[in-house]
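Undergrad: Can you keep this structure in mind? I'll have questions shortly.
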Amino acid sequence: MRWLLPLFRTVTLAVVRVRRGVCGLGMFYAVRRGRRTGVFLSWSECKAQVDRFPAARFKKFATEDEAWAFVRSSSSPDGSKGQESAHVQKLQVKTSKRPREPLGEEEEPPEPGAKHTRQDTEPAALVSKDAFSYMGESVVVYTDGCCSSNGRKRARAGIGVYWGPGHPLNVGIRLPGRQTNQRAEIHAACKAITQAKAQNISKLVLYTDSMFTINGITNWVQGWKKNGWRTSTGKDVINKEDFMELDELTQGMDIQWMHIPGHSGFVGNEEADRLAREGAKQSEG
């Protein structure tokens, strides 16, 4: 978990937990002294570490930053401000070097004559569970997408998925089909979930710097489906096939979507970005 520590500096973070049919409250259970120390996503996970453990120290927090501060410190920071029922928890964004990403429904214009190409899925050998990094019982993964000359004829897009240092599932590949940044972000998440399913992983903490992807899958997609895959203004959803694929992949998964600022020095995000850029250099298969 050492390589995850830079994450726990004061950063902008939006946390969304989605499980089909269940909306999580996003509370964080910090264990400073117990069978295992760290931050857990449910009381049952926390209880297993502290129940009947001598002089156990643990506390519930509304934010991940506070929880990790409690784990690392010798004295407790201010505790939880109480449960929040909001679907998405947001802390104020301070800086991000990436240009502003459209946050409205489908702001990206379609590329004329472009076709959607579904990614092929390939069988994968099972990887030891010890090779993954965990937050509670959930496996941690970082995804990123990139596109040079976005929206132009010579655009080149790639996707990156980063599971940890030297991990065999780390991948950077060229995005098939229409070459845009938003499609790359969506399909990076698709790739990570596909890999997770192949490893029999059902609980994920998925870090992405794309609020467009997070909003799309946790917010907009349900409304689009009810509206015949049209936006609230009656327009066709530009990335319909991409979100349909992502929506299908999330079925049966317990995914906590976490937003992290892009290009701000966080190792997991920087590595996913590097893999995406390497993927964009590949020829389109």
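Cβ atoms are placed via backbone N, Cα and C, with glycine included.
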Undergrad: To which of ASP144, ASP236, ASP247 does Swiss-Prot also attribute binding of Mg(2+) 1 at the site defined by GLU185, ASP209?
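TA: Same Mg(2+) 1 site in Swiss-Prot: ASP144.
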Undergrad: Going by DSSP, how much of the domain 'RNase H type-1' (135-281) is helix, how much is strand and how much is coil, in residues?
TA: 59 helix, 37 strand, 51 coil
Undergrad: Which is it, of GLU185, ASP209: the one of these binding-site residues whose Cβ has the most other Cβ atoms within 10 Å?
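TA: Comparing the binding-site residues GLU185, ASP209, the most crowded Cβ belongs to GLU185.
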Undergrad: Reported as an integer number of Å, what is the Cα distance between ASP209 (Mg(2+) 1 binding site) and ASP273 (Mg(2+) 2 binding site)?
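TA: Counting only the Cα atoms, the answer is 10 Å.
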